[in-house]
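Shown next, in structure tokens, is the structure this report addresses.
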Amino acid sequence: MENSEGVKIESTVVTEEPLISALDIALFVVIITVAYFWYFKRDKQSSSSEKKPYTIQPSSLSSIEQTSNSSFIKKLKSTGRSLVVFYGSQTGTAEEFAGRIAKEGARYKMKGMVADHEECDMADLVEMKEIQKSLAIFCIATYGEGDPTDNAMDFYEWLQNGDADLEGLNYAVFGMGNKTYEHYNEIAIYIDQRLEELGATRVHEIGLGDGDANIEDDFVSWKEKLWESVCSHYGIEETGEESNIRQYKLVDCSEVLPERIFSGEISRLKSYENQRFPFDVKNPYLSKIAVNRELHKSGDRSCMHIEFDIDGSKMRYDTGDHVAVYPKNSSELVDKIGELLNADLDAVFSLLNTDEESSKKHPFPCPCTYRTALTYYLDITSNPRTHIMKELIEYASDPKDQEKLKLMASSTPEGKKEFHEWILRDNRNIVHILEDLPSVKPDLDHLCELLPRLQCRYYSISSSPKVYPKSIHITAVLVNYTTSTNRINKGVATNLLAQLIPTNDELPQPTIPIYIRRSQFRLPPKSQTPIIMIGPGTGLAPFRGFIQERDYARKEGREIGEMVLYFGCRKKDEDFIYENELQEYVANGTLTKLHLAFSRDQPEKKYVTHLLEQNADELWNIIGEKSGHLYVCGDARSMAKDVHSIIVKVVMEKGQMTNSQALNYVKKMEQQKRYSADVWS
């Protein structure tokens with residue numbers, strides 16, 4: 001019999017039934033069968049897992065990042081740290097600043113670590129209060145139209161959508177932006193305010209760095225006051241100990257097999273020989289250069305039309321997207337560093353993080369040669385920051401060189417002035433510094449640790465995938481200029497691209513690594529919506545794609561709206577790029593109006609902004625009466641700002657609004673994506 005819980009109870013009645021019934025046998029068979037399949041299925045999975053060929057590869061940034069523990073709290077606790085510095089970085093500056101703050105924490109008895117938002121479970125911030133005298137610092141960049149960086153996107157959305165209780169979290173925020181952009185430091189400001197709303201305690205006021213001015217000065221000034229606030233908040237004192245401690249140690253890799261050595265790959269070893277989809281920032285596509293032709297008709301400047309072949313790559317892009325190009329430094333500059341430091345550039349080495357708990361084991365893919373590091377991984381053409389000046393002091397044998405470096409590394413008014421004039425105004429890079437301070441001979445491995453990573457360059461795509469599905473076009477001006485010290489500085493990417501000329505014979509075609517970055521710069525969903533495009537110079541690039549797409553729709557028999565283009569350059573006979581194409585679009589009706597401004601073809605300079613003011617009625621007719629879209633592409637510092645002012649003025653006058661109403665109207669256009677800007681400074 002069974003009790004109420006279904007448990008069998010022995011009977012006291014003796015029967016002649018067999019000890020094992022048919023039912024028992026059936027149940028036993030079922031149990032054995034299930035156990036058999038469960039065991040052998042698991043064993044098969046285990047065996048296949050064990051048989052999977054694992055190979056130990058040289059560590060790279062991505063391989064370490066993918067395997068890192070997402071719990072930064074556990075790392076803080078297990079290593080006795082109380083300071084974590086998160087970075088949201090698109091170009092590497094925020095990551096660099098985060099590292100400098102974490103390093104200085106030791107001077108204030110706060111052992112620190114650097115963390116990437118993307119690698120961490122940011123919900124663990126609620127547990128920061130469990131660590132005594134803990135502090136979280138956020139170095140956050142804003143790019144585009146007030147967008148978070150790619151690696152900070154999830155954290156940004158977590159703050160927006162969540163309501164975590166962050167009481168007990170102590171924090172500070174430093175933002176990086178550009179005042180020429182409308183959404184200056186918008187992400188950092190939001191994060192600073194949102195953390196407070198969720199109950200966190202602000203230890204020090206937000207710092208706002210301006211990349212259009214001297215972001216290094218902004219950062220250093222904020223950082224000094226930060227530590228004053230930290231000392232006051234926690235009741236601690238500076239130890240006075242210098243923080244010039246190496247973050248990475250040199251490892252001799254002369255015995256490593258050649259096939260295990262990185263030769264310029266961004267992340268995965270041999271990734272350019274064995275290409276794998278999907279392609280992104282850590283896995284770019286090695287594209288052939290299909291076309292490279294000059295667009296300027298005359299003059300001493302150069303503008304290139306370049307087409308990247310993406311046939312067979314499975315890459316897809318939309319009109320208005322950007323393409324990222326991975327450049328490399330000139331061999332001339334690389335050789336010069338080897339000569340100045342009397343170093344063997346072909347020696348194979350690795351830099352290994354002295355912090356065993358760090359998720360970033362190497363500053364760049366290792367092992368590699370010094371030549372590879374200086375060519376593909378390190379930025380040797382930008383202006384070094386003050387912390388590099390400080391690190392170079394110990395390598396100067398001449399007292400005068402030492403004093404100059406000490407002055408530029410200091411935060412005194414005199415030091416800031418000297419740094420601004422000698423480094424920024426005179427546009428010196430690390431090669432120039434080593435040339436002009438001949439007694440400074442840093443160890444090459446230390447220099448490789450100090451220099452920032454070489455970043456990819458972004459270009460607006462100047463083609464439509466509807467017309468060119470197998471290629472990506474860009475329009476790029478060759479950058480060459482003479483500094484005040486009579487040196488010729490060259491743009492890293494454009495000078496490389498200028499050398500990549502496809503041939504007509506059977507020789508291998510030139511290649512370069514690229515990937516596509518998505519943009520919010522989009523045509524209206526409806527092809528009938530009228531648009532105004534304002535793009536002087538290479539600002540024409542994305543609009544060439546816009547026009548191609550509308551022309552494609554027209555040829556398919558679809559109705560297209562008015563397309564008005566404002567284009568400007570210096571001289572009609574010199575730098576009027578894509579002239580024949582544009583005139584053809586006007587002739588076939590795709591381009592409704594083409595307003596041209598040639599600034600130097602007459603005594604008084606004439607720009608697209610002058611034409612906008614003259615055509616106020618047309619402007620209001622499209623953006624006011626017909627609810628059309630307006631696009632701006634080009635220089636953010638002056639042109640884009642002037643255009644914005646003119647738009648507000650036209651809305652006031654033609655729409656009969658007050659200044660406040662006009663500003664709100666334009667703001668609403670931006671929110672509705674009817675007013676979009678793709679600008680740079």
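Note that Cβ sites are derived from N, Cα and C of the backbone, with glycine treated the same way.
Lifted from TrEMBL, the feature list:
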TRANSMEM  20-39  transmembrane segment
DOMAIN    83-227  domain 'Flavodoxin-like'
BINDING   Ser89, Gln90, Thr91, Gly92, Thr93, Ala94, Ala141, Thr142, Tyr143, Gly144  FMN binding site
DOMAIN    282-524  domain 'FAD-binding FR-type'
BINDING   Arg301, Thr538, Ser599, Arg600, Lys605, Lys606, Tyr607, Val608, Thr609, Asp642  NADP(+) binding site
BINDING   Arg457, Tyr458, Tyr459, Ser460, Thr475, Ala476, Val477, Tyr481, Gly491, Val492, Ala493, Thr494, Trp680  FAD binding site
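Sequence features annotated in TrEMBL and their locations in the structure.
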residue: Ser89; record: FMN binding site; Cβ contacts under 8 Å, 6 or more apart: Glu95, Ala98, Cys139, Ala141, Thr149, Asn151
residue: Arg301; record: NADP(+) binding site; Cβ contacts under 8 Å, 6 or more apart: Val477, Leu478, Asp575
residue: Arg457; record: FAD binding site; Cβ contacts under 8 Å, 6 or more apart: Ala324, Val325, Pro327, Val492, Ala493
residue: Gly491; record: FAD binding site; Cβ contacts under 8 Å, 6 or more apart: Leu478, Val479, Asn480
residue: Lys605; record: NADP(+) binding site; Cβ contacts under 8 Å, 6 or more apart: Ser599
residue: Tyr607; record: NADP(+) binding site; Cβ contacts under 8 Å, 6 or more apart: Pro536, Gly568, Ala597, Ser599, Met639
residue: Trp680; record: FAD binding site; Cβ contacts under 8 Å, 6 or more apart: Gly634, Asp635, Ala636
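A count of other CB atoms within 10 A of each Cβ picks out Tyr459 as the most crowded of the binding-site residues Tyr143, Tyr459. Per-residue pLDDT, averaged across the domain 'Flavodoxin-like' (83-227), gives 92. For the domain 'Flavodoxin-like' (83-227), the DSSP counts in helix, strand and coil order read 65 helix, 36 strand, 44 coil. Annotation: Thr93 carries the greatest number of neighbouring Cβ atoms among the binding-site residues Thr91, Thr93 [cut-off 10 Å, Cβ to Cβ]. Closest by Cα distance to Thr93 (FMN binding site), from the binding-site residues Tyr459, Thr475, Thr609, is Tyr459. For the pair Tyr459 (FAD binding site) and Thr609 (NADP(+) binding site), the Cα-Cα distance reads 24 Å.
With every protein chain in view, the residue among the binding-site residues Thr475, Ser599, Thr609 whose Cβ has the most Cβ partners within 10 Å turns out to be Thr475. Here the Cβ of Ala493 (FAD binding site) has 22 other Cβ atoms within 10 Å, regardless of which shown protein chain they belong to. With every protein chain in view, the residue among the binding-site residues Ala141, Val477 whose Cβ has the most Cβ partners within 10 Å turns out to be Ala141. Spanning the residues Ser89, Gln90, Thr91, Gly92, Thr93, Ala94, Ala141, Thr142, Tyr143, Gly144 that the record associates with binding FMN, the maximal Cα-Cα distance equals 16 Å.
Here NADP(+) is bound by Arg301, Thr538, Ser599, Arg600, Lys605, Lys606, Tyr607, Val608, Thr609, Asp642 per the record. The longest Cα to Cα distance in that group is 26 Å.
Of all residue pairs in Arg457, Tyr458, Tyr459, Ser460, Thr475, Ala476, Val477, Tyr481, Gly491, Val492, Ala493, Thr494, Trp680, the annotated binders of FAD, the farthest apart have Cα atoms separated by 23 Å. Each residue contributes its Cα atom, and for Thr609 (NADP(+) binding site) and Thr91 (FMN binding site) those atoms are 31 Å apart. Cα to Cα, Thr475 (FAD binding site) and Tyr143 (FMN binding site) are separated by 22 Å.
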